[in-house]
Amino acid sequence: MDGAAGPGDGPAREALQSLSQRLRVQEQEMELVKAALAEALRLLRLQVPPSSLQGSGTPAPPGDSLAAPPGLPPTCTPSLVSRGTQTETEVELKSSPGPPGLSNGPPAPQGASEEPSGTQSEGGGSSSSGAGSPGPPGILRPLQPPQRADTPRRNSSSSSSPSERPRQKLSRKAISSANLLVRSGSTESRGGKDPLSSPGGPGSRRSNYNLEGISVKMFLRGRPITMYIPSGIRSLEELPSGPPPETLSLDWVYGYRGRDSRSNLFVLRSGEVVYFIACVVVLYRPGGGPGGPGGGGQRHYRGHTDCVRCLAVHPDGVRVASGQTAGVDKDGKPLQPVVHIWDSETLLKLQEIGLGAFERGVGALAFSAADQGAFLCVVDDSNEHMLSVWDCSRGMKLAEIKSTNDSVLAVGFNPRDSSCIVTSGKSHVHFWNWSGGVGVPGNGTLTRKQGVFGKYKKPKFIPCFVFLPDGDILTGDSEGNILTWGRSPSDSKTPGRGGAKETYGIVAQAHAHEGSIFALCLRRDGTVLSGGGRDRRLVQWGPGLVALQEAEIPEHFGAVRAIAEGLGSELLVGTTKNALLRGDLAQGFSPVIQGHTDELWGLCTHPSQNRFLTCGHDRQLCLWDGESHALAWSIDLKETGLCADFHPSGAVVAVGLNTGRWLVLDTETREIVSDVIDGNEQLSVVRYSPDGLYLAIGSHDNVIYIYSVSSDGAKSSRFGRCMGHSSFITHLDWSKDGNFIMSNSGDYEILYWDVAGGCKQLKNRYESRDREWATYTCVLGFHVYGVWPDGSDGTDINSLCRSHNERVVAVADDFCKVHLFQYPCARAKAPSRMYGGHGSHVTSVRFTHDDSHLVSLGGKDASIFQWRVLGAGGAGPAPATPSRTPSLSPASSLDV
């Protein structure tokens, strides 16, 4: 039939699948309602003596342990079958007085006969209803052999004739309705209170219980998602309700934003290197070791609420100004850009400048030097690129003017005269003079003189400039030239029009690089360093622009973006491929910080070492050492990597690509030992079974491909396919015994699969409620449904990971935040500990093998954060106070 399918069958098949899925959900809901009524009638008709219906005060018969409410049968021996599922298995629940709550019934009376409660699940595996769960509420005893209805699967044909199908369907519904347990009195025993509306678990408009209290339902984009409650949970009120005792502390940030930013690398008086990535300003001391002044490693200023775009260091070498972009909040409302002035020794914010005064973001800023840094000039990213001057000590704006409609890439005060400001950018160099306004907000004036190129070719961009000790200015441009601008006498023709008191003209030109010059740096000995783009050269220039020495940056690090002078002859170089290099012109340079250059999605942690692997849109596959905070190795995948997972042995790693291709690499030799293509759509998840015998690959073609794997993980062969999802696969997890899979899809399905039994879909999802999972990364499921915020559209949570000790759940959301919840998290609006720092959607989170650290990936900011887990189940002592949520307050902007 497949070979004869016409071109129009694809949309028709998709529509049929969608209708089948909707019908299945509606049938389950109707069966629950009908079954409740049918069970009540059956008990009245078959089991209840007439005397028990005389009134509420009539005692129950001797054989009954509980009296029934008026007009209802007693709840002594209700029977239980598949609750709105396809497998009709009837079981009886012996009851006796017990605690109220959500349960499978009270405990059995003493002396009652008990039988094992396990029910056989599809594929031969067993699913225990009570064993292994704390305080099981009752014993489930089969009353009759399990009966399996021959309901045809989606996209499959039935063996029965068309005329018999309606009759069989009605028969199945009647059996299910007659056998479904009604937990009569369960709501009354709780005082009629819905646990989701109780003080311990505030109600939610998107979740509710079904009539029997055996499942929870939530809605995403109006779609109902039913999740069955494990048998060991008698009431949601007994589940954890507060935030976890564990907290996170930012341990290390991998990466440096050099690809698309400037003014991003400086050296402080303490010797620490300061730079930024995402919303974090990093203070790095080469050499490693514990953080803090006088030590090593990293410290972090985390007071910003969106991506940092530029930095400036005060002349005292201690205070730092950092400007951020505007961004939007989780509701899509624009946030206001701002400049923070903060102390690099204490990480305390000293001043917040320009809140509400800038548009879109802060593009460039600089401190004055002639007056000990009393003033700060700022250029924003509005269409007019407003130039403003501020009093640093009081946060007061002294002057403001529209600079130009063209891009402004750099700004700076003349170090000998704070009344002179220079800006450069697209096809311009402007010389500004500002006067007055000191002590009077907004009363100062700014006047402009354009730099005239005259006989010299006007470049497209002038990305950088530097002031020389003699007062001249050097500019680097997109043509690879260094121009020397000298002062000329005052312009007597324009004083009435506010002309500048002096003008600058080009006095010399030197061709320094092939391609654009991105950085100029004045050294302490008076020489100048220039960094080229296309040629990746770093050149030292003496008086008269005579080349003294040069070095070339290796190609895989990219072009020179920024230069800073360290201690002695040491230089720090930032590159366009987000690397930070350290060295000198004679000995060369080596990387101290490295990172990805494009959006990240793939993340997995090593099963026995503190290492993790990342991949993304830059086509690089990187293995990181979490102890040394260094890149162990990287290879070029040639294609976009979207997901990865280590084999349990750690010897190989599987990587899924965006073309339907997946690779298996040896982690020691980096050789590709397997290269397979499944379909032509991107792969969103790869996951080894806990015993390493299988590899599951979730694709955007709605299929989970299963492969048998050799003991060393190097060889694999197709075992089967799990087909039944109506949308692309997003997440999947293996059961602890390695026989079953739980999976989520793009249309919010939760499906279960019997892999060992032939990759069959388990239609009876209720039977999987007590199954234990080796990992928990599915974002939809009873144990984690409390992580979803109100009003979610289904895309708000990108990644989820349960810790190996099963104490906490980490969540990556679309609002740049990492959350920590208690596990299980099965209460609506569950509280969490929230951590900021990423400047883009957080795409993935994973715990290391010993739960000592958590790794999170930023999306478009290409950042990798390594968090230390502190507290009850973490690597260190719990802090005395709860974890702080980053904000603009000084106390919460620290993470030392």
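For all residues, glycine too, the Cβ spot is worked out from N, Cα and C.
Bear in mind that the values here come from a model prediction, so they are computed numbers and not experimental data.
Listed in Swiss-Prot for this protein:
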MOD_RES   Met1  N-acetylmethionine
COILED    16-43  coiled coil
REGION    50-209  region 'Disordered'
COMPBIAS  77-88  compositional bias 'Polar residues'
COMPBIAS  134-145  compositional bias 'Pro residues'
COMPBIAS  154-163  compositional bias 'Low complexity'
COMPBIAS  174-189  compositional bias 'Polar residues'
MOD_RES   Ser176  phosphoserine
MOD_RES   Ser198  phosphoserine
MOD_RES   Ser204  phosphoserine
REPEAT    234-286  repeat 'WD 1'
REPEAT    295-344  repeat 'WD 2'
REPEAT    350-392  repeat 'WD 3'
REPEAT    398-434  repeat 'WD 4'
REPEAT    448-487  repeat 'WD 5'
REPEAT    504-543  repeat 'WD 6'
REPEAT    549-584  repeat 'WD 7'
REPEAT    589-626  repeat 'WD 8'
REPEAT    629-667  repeat 'WD 9'
REPEAT    716-755  repeat 'WD 11'
REPEAT    765-823  repeat 'WD 12'
REPEAT    830-869  repeat 'WD 13'
REGION    876-896  region 'Disordered'
COMPBIAS  877-896  compositional bias 'Low complexity'
MOD_RES   Thr881  phosphothreonine
MOD_RES   Ser883  phosphoserine
**Prompt:** Which residue counts does DSSP give the repeat 'WD 12' (765-823) for helix, strand and coil?
**Reply:** 10 helix, 18 strand, 31 coil
**Request:** Verify whether three or more Cβ pairs under 8 angstroms connect the repeat 'WD 12' (765-823) with the repeat 'WD 1' (234-286), leaving out any pair fewer than 6 apart in sequence.
**Result:** yes
**Residues of the parent chain within Cβ reach of the repeat 'WD 8' (589-626), under 8 Å, 6 or more residues beyond its termini** = 252, 254-256, 259, 275, 277, 284, 286, 551, 553, 557-558, 571, 573, 577-583, 632-650, 653, 655-656, 665, 667, 840, 843-850, 852-853, 855, 857-860, 862-864, 866
**Overall pLDDT for the repeat 'WD 3' (350-392), taken as the rounded mean** = 95
**Request:** Given the cut-off of 8 Å on Cβ pairs that are 6 or more apart in sequence, determine whether the repeat 'WD 11' (716-755) and the repeat 'WD 5' (448-487) share at least 3 such pairs.
**Result:** no
**Complete:** Its residues classified by DSSP, the repeat 'WD 13' (830-869) shows 0 helix, 21 strand, 19 coil
**Message:** Under 8 Å between C-beta atoms and at least six residues away from its ends: which parts of the chain pack against the repeat 'WD 5' (448-487)?
**Reply:** 262, 401, 403, 407, 409-410, 412, 414-416, 422, 424-433, 499-500, 502-522, 526, 528, 530, 532, 534, 541, 545
**Request:** Taking helix as H, G and I and strand as E and B in DSSP, count the residues of the repeat 'WD 5' (448-487) in helix, strand and coil.
**Result:** 0 helix, 20 strand, 20 coil
